[in-house]
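These come from TrEMBL:
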- 28-49: transmembrane segment (TRANSMEM)
- 69-93: transmembrane segment (TRANSMEM)
- 108-133: transmembrane segment (TRANSMEM)
- 153-176: transmembrane segment (TRANSMEM)
- 196-215: transmembrane segment (TRANSMEM)
- 244-267: transmembrane segment (TRANSMEM)
- 287-311: transmembrane segment (TRANSMEM)
- 376-396: region 'Disordered' (REGION)
Amino acid sequence: MASPRLETYCCPNRDAATQLVLTFQPEVFCGVCIGSASVSMLLSILQLLPKQGQSPRKMPKASSSTTILLLISVCDILGGLGIIFRSTVWIGFPDFIANISVVNGTDVWPSAFCVGSAMWIQLLYSTGFWWLFCYAVDSYLVVRRSAGLSTIVLYHMMTWGLAILLCVEGIAMLYYPSVASCENGLQHAIPHYITTYAPLLLVLVANPILFRRTVTGVASLLKGRQGIYTENERRLGTEIQLRFFKIMLVFIICWLPNIINESLLFYLEMQPDINGSPLKNVRNAALITWIIMGVLNPMQGFLFTLTFYGWTGWKLNLKWQKREIPWESMSTSAVADNGYPSAIGSSVNYQSNIHDSKKTTAASSQQTDEALSMLSEGNTTNDDRLSRNSPIYQGW
């Protein structure tokens with residue numbers, strides 16, 4: 001699971017609330033984390049591999065949304081791998097982990113492992129949050145027809161840059177002046193918690209707003225595509241809206257326990273004695289949500305693949321398939337480039353203008369279909385419906 005308490009535990013003079021959760025049945029908790037992360041990682045990889053009888057997705061070549069969805073899954077898989085590694089070492093080498101709590105110890109490897117593994121988990125999941133925010137932005141830009149292949153470079157700069165910047169800044173504030181002598185006080189811990197939860201809260205607040213505006217733009221696109229708003233268009237708009245709802249539902253389910261747990265632990269930190277009997281229910285609630293975090297945080301990867309692509313099945317197709325070279329389109333283009341002017345005169349020019357007008361209309365409608373196809377990526381029903389309704393399919 002991903003929590004700023006993992007980095008806080010690396011300090012020998014850690015606070016009592018962090019000590020409470022990380023020393024509560026560590027073998028059981030780490031076993032839960034390993035099981036959840038392993039299942040999620042294996043099923044996520046299974047979801048992403050090609051399947052037998054699966055038709056290739058009809059996506060535009062310059063689809064940044066498709067790349068973003070894949071990168072979100074990759075971040076979740078790598079973050080889950082970090083959870084498995086950390087939890088395995090925690091269970092398998094208890095003497096090694098015990099040296100983390102030694103004040104002014106000479107062995108730096110336990111602290112290096114503690115800080116490194118915690119930063120790896122936080123960085124990957126924080127990057128996944130930023131990519132999820134970029135997906136909402138890109139969906140909105142696709143509807144506004146302002147997105148393109150070049151925007152993926154900006155997304156890379158923003159996601160990786162901000163994730164690394166916030167992670168390093170939070171860690172530097174927490175471990176000042178050093179890991180072995182972390183300063184006591186919330187003034188050093190709070191900046192670390194803010195940098196950890198800032199991208200998470202951004203997704204919770206900004207993504208629903210962007211998704212809502214995207215759905216409104218989709219309705220306008222569907223109405224303007226053919227001038228009518230049929231049952232097919234209404235159903236497609238509803239499915240895109242449901243897709244966004246599922247994304248936010250998975251995100252809230254997987255990360256709401258973190259916010260609740262952090263609030264409870266912060267409340268305990270403010271108390272003079274967290275072991276007092278009046279705080280028993282608060283301690284129990286914090287421990288329960290801590291275990292829930294170990295289950296739900298790693299499962300986000302697999303749940304997101306279900307939301308993005310649906311269940312893709314068990315039968316893998318590992319055969320290498322060569323791409324077909326569009327010789328016909330190339331030859332057609334060559335003929336068009338080398339064609340001779342017709343001698344028929346103005347009537348041919350008039351017919352050519354009509355044909356060009358229809359091509360422009362068809363191209364505009366196809367661009368709309370591609371934008372909608374990006375938003376409904378992974379749903380073959382939607383892709384087929386778009387193909388049937390497109391002017392090219394109807395013989396324009």
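Backbone N, Cα and C atoms are what each Cβ position is placed from, and that goes for glycine too.
The stretch from 69-93, 196-215, 244-267 that makes the most Cβ contacts under 8 Å with the transmembrane segment (287-311) is 244-267. By the Cβ criterion (under 8 Å, sequence separation of 6 or more), the transmembrane segment (196-215) is not in contact with the transmembrane segment (69-93), since fewer than 3 such pairs are found. Across 28-49, 108-133, 153-176, 244-267, stretch 28-49 shows the highest tally of CB pairs under 8 A with the transmembrane segment (69-93). Non-local neighbours of the transmembrane segment (108-133) in the same chain are 2, 4, 6-7, 9-10, 68, 71-72, 75-76, 78-79, 82-83, 85-86, 89, 96-97, 99-100, 102, 155, 158-160, 162-164, 166-167, 171, 175, 179-180, 196, 199-200, 202-203, 206-207, 247, 251, 297, 300; each lies 6+ residues outside the stretch with a CB under 8 Å from one of its CB atoms.
For the transmembrane segment (153-176), the list of distant contacts is 4, 7-8, 10-11, 64, 68, 71, 115, 119, 122-123, 126-127, 130-131, 134, 138, 182-183, 188-189, 191-196, 198-199: same-chain residues at least six beyond its ends, Cβ to Cβ under 8 Å.
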